[in-house]
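To start, the structure under review is shown below, and the notes come after it.
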């Protein structure tokens, strides 16, 4: 019963009580929006946080306010997995061709913290390492090694590529020089022809 009206259930902000002579709806406490009974609230009014059936201005120590649900909840600290094994000793992305390098290990966050929880620790660690130097196999060289190879060609290749011009003179002739050569060759032929004729006459 509420204000002379019979209801199947009490409205929001009221709780029901049963008595031998009458059943009635009684109003919740002022800071309580909905309640189970006089001393147990199920939802607080704006500005209050629910904790164990009570509406509080601030959450007790060890708890924090959840502004989404308007409840006091346990503080959740960050949790991380175990460290992975250390990676191989490396330098500039390579595992060969050096003596001193670095090695790394990682871990994952398994529980993210709440607002007042402890922050998460680093998820990776790096430390210096020393290894016995070993030569890189073909294909293991880094980018720098490849660039150097391109810049420095083999000495034999460079010798072959550059033509040796020593002792060679330009073979270009002027038209006048060619004419002189032709004339000299004609004179030689005439002399040779005369000598052959004279030889043939003497034999007769």
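Glycine is treated like the rest: Cβ placed from N, Cα and C.
What TrEMBL annotates here:
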DOMAIN    1-72  domain 'R-spondin Fu-CRD'
DOMAIN    78-133  domain 'Spondin-like TSP1'
REGION    131-204  region 'Disordered'
COMPBIAS  143-153  compositional bias 'Basic residues'
COMPBIAS  154-185  compositional bias 'Basic and acidic residues'
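For the domain 'R-spondin Fu-CRD' (1-72), the model's average pLDDT works out to 88. Sorting the domain 'Spondin-like TSP1' (78-133) by DSSP state (H, G, I as helix; E, B as strand; all else coil) yields 0 helix, 22 strand, 34 coil. Each residue in the domain 'R-spondin Fu-CRD' (1-72) gets a DSSP state, and the totals come to 0 helix, 35 strand, 37 coil.
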